[in-house]
Amino acid sequence: MHKALENSSSERTKALLNIEDYHKKAKEKLEKMTYDFYSTGSDDQLTLIDNQAAFRRIKLRPKMLIDVSSHTKQDSTNCQTQILNSTMTIGFPCIIAPTAFHRLVDNENGELATVRAAVAHSTIMCVSTNSSTSMEQVAEEHRRQIKENYPRSTSKLWYQLYVLKDRQYTQKLIKRAEKNGYSAILLTVDTSVPGNRECDVHNNFTLPDGIRAENLVDKDNNYVSKSYHIPFDPSLSWKDLDWIRSITSLPLIIKGIIHPDDARQAVRHGVQGVVVSNHGGRQLDTCLSTIDALPDVIKAVNNENRQIDVFVDGGVRRGTDILKAIALGAKAVLIGRPVLWGLAVNGTQGVYNILEILKKEFRLAMMLCGCQTIDDIRKNDLVVTNVVYNPSKL
């Protein structure tokens, strides 16, 4: 571990102990238009709210008198997770989700600051099509960090893809990702049209000068605008997955699955994974929360002849949330807004601290639930989803 990050983490101010502390601090630092762009959802924001509330509705049923002392060893690997048929290993089951325009919250370093924390924590960073730093620059910094500071890091990069109306340019994006060492394509499928994000309209949201979707600019094309919207293709369908599979050998993970029928279709179309996601409550409001959708997706996938990894994002704010997702069958979670809050507060160090907080909370939850390994979380029948609990009435 890089000593500067390690030491700063151990000296973390007592005022910033959890994700919500970083959220509040980020809200203080960011301009209202920027904060609202990241923090709000579509329509009445009911799905946004329920993503977090649904985790709180799930209760844990811990097991006792199990030796969990191995977690206390300095070189403990109990939290390590293997994904995509054991071709990748991450430090704990938490991946950095694709989010747009990191330079809005850290103008100097943006995605470069985020990728440094990803390498330090041996996790995956999903680089957005709407990244404010080109995929080439992020990949170069990723390689440099591993070579110079973290030679034992198992961090990887995934490229998050929007299929554009211009299929030729879409193919060019995939080939650029291949050329720059990205390990998978993460295809977002829940954006046939942009969601109704009223806060952005109220705020007249525009990108400031100097910040744009760098992956969508080259000498021949410029798909960016001040409004940040890119030309999504509403004709996107299952046949396009077959086309993508035909032009790349990279693993394909599709993000935006809620319905179990879609999970079954994904398996049959040869993808390597799905992310149960409602786009952080930014697309269809009143959509089912992701953790509530997860069990039916897991069941659908398990009933198919070929097994794939299932991930989940949306509403993860505590280590116990990660444990609940794993207990319900997810391989790992993806986090978006918490990374942005860390980045806004303290750049690379802030993102590192966010991941460190979640990892420590997750390890503690494992120990308190009597889990020696990640597999124990799935085996030990730890979650109860039908308990009605209203602390306001106690």
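The backbone N, Cα and C atoms fix where each Cβ goes, and this holds for glycine too.
On a predicted model such as this, the values are computed, not experimentally measured, just so you know.
Straight from TrEMBL, the features:
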ACT_SITE  HIS279  active site, proton acceptor
BINDING   98-100, SER128, GLN160, THR188, LYS255, SER277, 313-317, 336-337  FMN binding site
BINDING   TYR162, ARG197, HIS279, ARG282  glyoxylate binding site
DOMAIN    11-387  domain 'FMN hydroxy acid dehydrogenase'
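Closest to GLN160 (FMN binding site) by Cα-Cα distance, out of the recorded positions ARG197, HIS279, ARG282, is HIS279. Ranked by CA distance from ARG197 (glyoxylate binding site), the binding-site residues PRO98, ALA100, LYS255, GLY315, ARG317 have ALA100 at the top as the closest. Distance noted between the C-alpha atoms of ASP313 (FMN binding site) and ARG282 (glyoxylate binding site) is 13 Å. Sequence-distant neighbours of ARG282 (glyoxylate binding site) (same chain, 6+ apart, CB under 8 A from its CB) are THR40, GLY41, SER42, LEU48, GLY195, ARG197. Counting every protein chain shown, the Cβ of ARG317 (FMN binding site) has 20 other Cβ atoms within 10 Å. Cβ contacts within 10 Å of ARG197 (glyoxylate binding site), excluding its own Cβ and spanning all protein chains shown: 21.
In sequence order, THR129, ASN130, THR188, THR191, ILE230, PHE232 are the residues near TYR162 (glyoxylate binding site), counting only same-chain partners six or more apart with C-beta under 8 A. A count of other CB atoms within 10 A of each Cβ picks out GLY315 as the most crowded of the binding-site residues PRO98, GLY315. For the domain 'FMN hydroxy acid dehydrogenase' (11-387), the mean pLDDT of the prediction comes to 95.
Residues TYR162, ARG197, HIS279, ARG282, recorded as contacting glyoxylate, have a largest CA-CA distance of 19 Å. Put simply, the residue listed as 'active site, proton acceptor' is 16 Å from ARG317 (FMN binding site) when counted between their Cα atoms. Same-chain residues at least 6 positions away in sequence with a Cβ under 8 Å from that of ARG337 (FMN binding site) are, in sequence order, HIS23, TYR38, SER39, THR99, GLY280. Rounded to a whole number, the C-alpha distance linking ALA100 (FMN binding site) with HIS279 (active site, proton acceptor) is 12 angstrom.
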